[in-house]
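These notes concern the structure reproduced below.
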Amino acid sequence: MPRHGRRGKLPKGEKLPKKEGGDNTPSKLLSSMLKTLDLTFERDIGMLNGKSVRSIPNKKTLLELQSQLDSLNEILGTIARGDQETIEALRKIRDSKNEKQANDEKQETSNADGQHESSTATEETNIIDKGVQSPPKPPPSNEISGTIENDVESIKQAADNMAKEEINEDKDLQVHRDQPREKRPFDSETENRATENENTQRPDNKKQKIDVDKMENDPTVKNPKSEFVVSQTLPRAAAALGLFNEEGLESTGEDFLKKKYNVASYPTNDLKDLLPGELPDMDFSHPKPTNQIQFNTFLAFVENFFKDLSDDNLKFLKMKYIIPDSLQFDKTYDPEVNPFIIPKLGPLYTDVWFKDENDKNSAYKKPSPYSNDASTILPKKSANELDDNALESGSISCGPLLSRLLSAVLKDDNDKSELQSSKIIRDGGLPRTGGEDDIQSFRNNNNDTVDMTLSQENGPSVQTPDNDIDEEASFQAKLAENKGSNGGTTSTLPQQIGWITNGINLDYPTFEERLKRELKYVGIYMNLPKDENNPNSDDPDWVTGREDDEISAELRELQGTLKQVTKKNQKRKAQLIPLVERQLAWQEYSSILEDLDKQIDQAYVKRIRVPKKRKKHHTAASNNVNTGTTSQIAQQKAANSSLKSLLDKRQRWINKIGPLFDKPEIMKRIPNESVFKDMDQEEDEDEADVFAQNTNKDVELN
């Protein structure tokens, strides 16, 4: 009879498939897989540890792991097939033993029936013989010898059958080793035998069930050489102890969670909001840094953010404007006016530097070429007296108001290139190449020594003849018309064609005064800041009171931002005042509650304090004992009454004042949303583009 392998082992004639690496057992394969993934097994906690636990390995590692898993699957499949064959062989042996027992029982029952019939026949003959009794005849020797021979023959036949079955089993195991379990003939044969022997083996069904249950659940029968099997031992032990088992229960629901964690109530919230923050997933086993910050320094930094509020904070919020200490008692300072005043211009750095040079060289003093004298900006003479020589000097100039208006309507600098390119195209003609013919004609026509190139680029000069000026004016009118049809800039004023106004010879001072009167009549030149040096004049201070420089523009922009920020801060402070008042009330409530808790702790300590034992005096021992017990009882009653009154006071304080506030964990928690959320949305809507609606309408119409 061949010896079958144990569970988890291959049959004797079969070997595991060998790999190139030499890892041909499951344990070696598992250890090599751990090395591939760079993992270690911590026996203390029963978990894996390594880099691959938190991050995904690279592709090369995963491919190597896949090959190892395939080989492990193949080896485990081979072992599983060997185990299945061993189990089927054991079933065959068990069935043969059961058949042998059944045959033996049948023979015993048949022999017993024959003996019973012979005994009944002898009894009947005795009765017929009228009470004549005779000893029972022993069975003949032939019968005894026949029964013995039959028993021996049956034993020999059973042994031969068992040997033949074992030989057939070995052959069938070799032939049907690669077949799945469902298609093997062993199961069908056992099923047929079971159906055939159902009627004959009914008394033995209970015994067979007991044997099957014992083989499947008893580790000593199924796996006799293993000391401990988890799948066979722990479930039965847990059921015997009445421990929790998830089988048969729903995986969701509060009752399931209560039974699983053995608690009276299970929270519906994960309590994440009560945590101080996200739990760090870091390794804190590294040594501390050498330049570690002191704890007192950290507390001093954090205290500004977590300290209790006070009345000073409320007073600060109720202040409309924050005024520096140096301006607190200055009555001339107005926080609504002074921050938005642009100071007057001081002396130019060129003047300051020139003055410093003159102070150093007092013997060689020179007049400053840069001066802030009002006479330098006043209108002088008229345009009729203007020539090329007067352009470099300041003897002829227009007033400050006219110069600003002219600068607002002058052409841009980039219009010069367009003017040059359009001049060389006449009525759809080709542009000139500027050859020798043009140069020769230019030289021949240059009778009055006029620079035509300069006149073409910068307009007519003061010495240009009248006919050339008229031609240039007509050309400018056509150019303006073409540019107006194609779209020009807003800073150019196209000239009208068909009429020419007769110029009035006005000097610049007169023209400046007429311009002021017209602007006042329209309502523009009004409510201007007065000149402090000349209060009787209606004109502003054009020298030091100008606000058209870059610094003044930047100051105006910053002042506009200051107005918006001041308005926003006032709204936010008004919204914070009720919140701070509520927080101050909560702080007062908490401080009183803490005082009550301290008093209760002190009273409880006095109540449970054991009095010191005094030395006994033998003379008046009885009197001292009586007085001691009475005083202790009185003190105990007083302590109990004071503790009870404190507890009642604390309970009344919590029940009466506590409902005015939210829960303590909510009052101490940092809010999840900003208290200015709605205000910020309103400000964003106010700062939106006012032309957005019109633009959308135009888009819809188009």
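Here the Cβ of each residue, glycine as well, is placed from N, Cα and C on the backbone.
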With the ranges 138-150, 424-436, 476-488, 606-618 to choose from, which does Swiss-Prot describe as motif 'Nuclear localization signal'?
606-618
Scan S403, S407 for the residue that Swiss-Prot records as phosphoserine.
S407
What mean pLDDT does the predicted model reach across the motif 'Nuclear localization signal' (606-618)?
65
Measuring CB to CB from S407 (phosphoserine), give everything in the same chain under 8 Å that is also at least six residues away in sequence.
none
DSSP-derived helix, strand and coil totals, residue by residue, for the compositional bias 'Basic and acidic residues' (90-108):
19 helix, 0 strand, 0 coil
